[in-house]
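Chemist: Pasting in a structure now, in structure tokens, and then I'll have a few things to ask.
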Amino acid sequence: MEPQDRTKRPQEEDNGVPIDGHNGSNSEPAAKKIKLDSPSSADSRAKGVAPIKAEYLLFPPGQKAKPTQSEAEADDNDDDAAEGRTAPTPQETQQAPQKDGKRKSQRGQNKEREFGTFSDAQRLCNTIAWTPEFSPRPCKHGDRCNALHDLRKYLKEGRRPDITTFGGKCPVWEKYGKCPSGWRCLFVHSHMDEIKHEDGRSELVLVGDASKAPEGGEEAAGEIKPGVVNMVPVGIKYDLSKKRIPLEKSEQYLAWLAKDTKHLAKHYQKHKDDETNPNDYRAQYVEPPFKPSEKRRLYFGRETPVLAPLTTQGNLPFRRLCVELGAQVTYSEMALGLPLLQGLKADWTLMRAHESEIVPPRFNPGGPIVQGYDNSKDVKFGAQIAANAPWVAVKATEALSQLLPHLRLVDLNCGCPVDAVFKSGSGSALLDSHSKLERMIRGMNAVSGEVPITAKIRMGSRDGKLTAQKLVERLALGSEDLRDMIGAPGCAAVTLHGRTRLQRYTKAADWGYIAECAALIKQFNEKSNDLADTIREADENTLPNGGKMYFLGNGDCYSHVEYFDHVDNAKVDSVMIGRGALVKPWVFEEIEKGQYLDKSSSERLTYIEKFVRYGMEAWGSDELGLNYTRRFLLEFLSFFCRYVPIGLLERLPPNLNERPPAYRGRDDLETLFASKNYKDWIKISEMFLGPAPPGFKFQPKHKSNSYEIEAEG
């Protein structure tokens, strides 16, 4: 369902950029006059094609005016992959193998992506990586150590020369007065010195705080990134892997759950041939060993636009950029529950947040009264996990609640469409397992302490069988067997993506269905209160937010006009924005200001520079950190290139699912940003990160855009 007509909504002017075509002045250039035509004009646009003004088209209308099929396919596959590690294409699932192997190899997704190796030519020993030249720490390997201990040789032969971007000065050291990368920093000459001793010797030293070696060597250095919170020490992760971290609540709850599940199965097996009497089950029912703790109250409202959890692209630097531009709620990338319990570094790294994410979200005290909500204790950052069994979800939730001091909520992913996740029983596989999902939510709620539990779902696992309406009832009230015995499951909020698992991004999100679910949830919230009043006194521990379950919509939101249309007409509490933020991160700023913002190419370049700076702060300014930053910048640019400046459009609002014909920008930089050629993305990265090293590879999520740098010679 397309969003309703937005031309009737009151419009404001944007920084001299009128979004209704009228500002009382003719002094603005034509490119700055943004016009909204009548609905009939908007309907006349070619389906799926962005309406670029004729003067910016590279080809006359009708001649190569539409994006190619491979370009659209690449975009759609990248959109699927933003929710997971891989996703099948229609060709892979419906067609027989092609005889032309070469052509086949260039289609679909890169399911086993490689990014090459990018390390120093010779490794510097940790014992000298942060110390003065003459004062290394003792090396436990002694003469058997195969790393370099000669600092001067390392600086001359063991690594690349310093890069010259940012004036040759280390951005991390310039901001914080220290650089966790130490001698490995590729800007190290900006924070090192050579001092003369009385005996005539010259010693290389790091300047100021950069000379302080972290306890524990390289691993510890990775744990002290400036401005980063929710850092779990290496020792704790090791203890998790050895099952030395007590998860007592989980053990007690899971033991009860196993008995109850067995008892329930036996009851229904006994009565499978006749009508079951629920009173038989209730008579033998044993309550859980403990009640959930009372939860910290949540709040979602029209002033709290939400950044969706995004695999790969939803990394810390990108979230930090979006928060700076107005995002009020953020989520970690989806972490897998079992690797978290195994203490795997990669999944625990996803739980790190920037200090800007642990401040309270925006809250309008003049709005509706939210009983019990304390904005001063709220934070923006939440964690999202995927699990295929109650024991995984419950234990992972208790571990997160124990070990992460800054956590708004724990969200259970029930919508990931990726084959590998689905076949494991996680993600969107839970859309067809309502009973298991309820047990998971109840268990997570029981062990999470004061941290609320939420869920993200889709309309269903396949077209023609939409299950979200039944599922939201289950999440709001619980099954009929349990709702009047132990109350609601305790789900504080549900986010609904307006697509099924099998529906790809060629179709618009169904906001009509989202609106129907929003109306149901309003009824369920009222019914929950009625049940509490008529059956027994309300149990605050099973009624999140005092009985109100928040409902968020997700899908295709790309402007403030669409955002407020969904809040006002679909009646969702807030809107979660995913692809729209990847293409246009300042969509949150537009929502805050209530107007379109025609960002210039220089402003967009500033956002790229900020991403690079934030990447070096998060991952380091050494060879490894710079190329992590480069890799994730290229991932970001694979979406960023889709933005069509609104000054180039004939009509508004812009549509996220429309692809532009070939066009030129208002300047060379704007034209460069519009390129879908990976070589141009590399050029943009080199503006800030210097030339890519010989071992660097970049494989986008679609095979038609791969890059592998070749070593000279």
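Every residue gets a Cβ built from N, Cα and C, even glycine.
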Chemist: Which candidate from Lys345, Lys423, Lys456, Lys465 does Swiss-Prot annotate alongside Pro309, Leu310, Thr311, Gln384, His497, Asn554, Gly555, Asp556, Gly578, Arg579 at the FMN binding site?
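Modeler: Only hit among Lys345, Lys423, Lys456, Lys465 in Swiss-Prot's FMN site, alongside Pro309, Leu310, Thr311, Gln384, His497, Asn554, Gly555, Asp556, Gly578, Arg579: Lys456.
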Chemist: When Swiss-Prot marks a stretch as zinc finger, which of 38-59, 170-191, 236-257, 390-411 is it?
Modeler: 170-191
Chemist: Quick test of your reading of Swiss-Prot: among 125-149, 200-224, 350-374, 650-674, where does it put zinc finger?
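Modeler: That would be 125-149, the stretch labelled zinc finger in Swiss-Prot.
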Chemist: Considering every residue in the zinc finger (170-191), what is the mean pLDDT value?
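Modeler: For the zinc finger (170-191), the model's average pLDDT rounds to 95.
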Chemist: By a Cβ-Cβ criterion of under 8 Å, what residues six or more beyond either terminus of the zinc finger (170-191) are in contact with it?
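Modeler: Distant contacts of the zinc finger (170-191): 120, 124, 128-130, 151, 154-155, 159-160, 162-163, 206-210, 212-214, 221-222, 224-227, 613, 616-617, 620-623, 625-626, 690.
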Chemist: Ten-angstrom check, please: count other Cβ atoms within 10 Å of the Cβ of Cys416 (active site, proton donor), all chains counted.
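Modeler: Result for Cys416 (active site, proton donor): 26 neighbouring Cβ atoms inside 10 Å.
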